[in-house]
């Protein structure tokens, strides 16, 4: 029995999909446990690049079970589009399963999201939401008025719950947004149809996961986004509405924490971020522009240019502790080729002195000045290398410095976007 969790160790977009695809070839079950269609991951199928938002990366492994867990919020329209797109390139989705406890996104959630962001913008407090309705869907979940996947299979219950929710939203939504909503009859008919199409996918996925763990199967949990977007542990309020951290795998999939053997943190050799919020090591200069263009740093879902910064060791130490990381995977090492010098942040200079921890205060983060350790770079092209031994000495030292700061071994690193460009140093499936 092996349960392995893969989490993003920065602000998302760390390349988790590639690593999950790589590890997923040996997994019997792959589980997405948090978030919704606000989080995108890219996969390559038959030389075609696909951008998935809901379906786990493990869908490409035909002999494994692919699960969307109870901790997610699902927009059925997006999900069906993804199923259609995958089928169109020859990927069978019959092994996809959806938790009957997962909550469902409705059009009123999306409109509520737009209204909230519009109101925040008036006060200069824009968060940078993707306007996919994720936050409002989680709000309804916490207020205990949400509609779950299981409700899509009971027409009478579904209509009653939609009617109740529409009454609530009419009190909340501005008139111009309220008028964009379908009628109760239209909305109910649409979601009954979704239920008919998805009924064979919807099941008790927690039971399914436990059955496989008890049969000594390998279960891979894939987190969306990243630790620094976690509702509890991220750079609040510039965060998502769920828990993409390792702890979220237990609640978002319905398993006990003692079942988890490995927690793999995926990070880049530098840092990127989409949207608003503090970013101590951000490089709004030639360095940031250069990395962005080399690595094509634009959001999978939003297409927005990502903000770029030097590797933040303070952040990574915090992330390793919050998640209990057992392994690190460092992506995009090849992107740093050609830099004469590389910098790693080892502390923050604040108004109160030097700190080595990641502060909760947004104000303190914004006013922090990173303290850097400078390392020599390398000129060699890494993309054709196949072993750790081939790396130039300075690239090896860069990885060793990351291990030293985090206290977590680098078990794999990538030197390009393809699965074959992942070099594994330690077994991340061992019992």
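Positions of Cβ are set from backbone N, Cα and C atoms, glycine also.
Listed in Swiss-Prot for this protein:
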BINDING   12-18, 40-42, 306, 332-334, 414-416  GTP binding site
ACT_SITE  13  active site, proton acceptor
BINDING   13, 40  Mg(2+) binding site
BINDING   13, 14, 15, 16, 38, 39, 40, 41, 130, 144, 225, 240, 304  IMP binding site
ACT_SITE  41  active site, proton donor
REGION    114-133  region 'Disordered'
COMPBIAS  115-125  compositional bias 'Basic and acidic residues'
BINDING   300, 301, 302, 303, 304, 305, 306  substrate binding site
- Same-chain residue ranges lying at least 6 outside the compositional bias 'Basic and acidic residues' (115-125) that approach it to Cβ under 8 Å: 131, 135-136, 172-174, 177
- Would you kindly give the Cα-Cα distance separating residue 333 (GTP binding site) and residue 13 (active site, proton acceptor), rounded to the nearest Å? 15
- Can you count helix, strand and coil residues in the compositional bias 'Basic and acidic residues' (115-125) using DSSP? 8 helix, 0 strand, 3 coil
- Looking at Cβ-Cβ distances, which residues of the chain lie under 8 angstroms from residue 18 (GTP binding site) while being 6 or more apart from it? 331, 414, 417, 419, 422
- Message: I'd like to know which of the binding-site residues 15, 225, 303, 305, 333 sit within 10 A of the residue listed as 'active site, proton donor' at the Cα level.
- Response: 15, 225
- Cβ-Cβ under 8 Å from residue 225 (IMP binding site), same chain, 6 or more residues apart: which ones? 8, 11, 12, 34, 35, 38, 39, 240, 244
- Message: Can you give me the same-chain residues 6 or more apart in sequence from residue 15 (GTP binding site) with a CB-CB distance under 8 Å?
- Response: 266, 268, 331, 332, 414
- Note on the structure: Between the recorded positions 41, 303, 304, 306, the one whose Cβ has the fewest other Cβ atoms within 10 Å is 303
- Sorry to bug you, but what's the C-alpha spacing from residue 130 (IMP binding site) to residue 415 (GTP binding site), rounded to the closest Å? 30
- Note on the structure: Taking every pair from 13, 14, 15, 16, 38, 39, 40, 41, 130, 144, 225, 240, 304, which the record gives as binding IMP, the longest CA to CA distance in angstrom is 34
- Item | Pairwise Cα distance for residue 42 (GTP binding site)/residue 305 (substrate binding site) [Å, integer] | 16
- Only counting partners 6 or more residues apart, tell me which same-chain residues put their Cβ under 8 Å from the Cβ of residue 305 (substrate binding site). 292, 297, 298
- Note on the structure: So residue 42 (GTP binding site), by the Cβ count within 10 Å over all chains shown, scores 16
- Identify, in sequence order, the residues in the chain of residue 333 (GTP binding site) that are 6 or more apart from it along the sequence and have a CB within less than 8 Å of its CB; answer 'none' if there are none. 269, 382, 395, 398, 399, 413, 414, 415
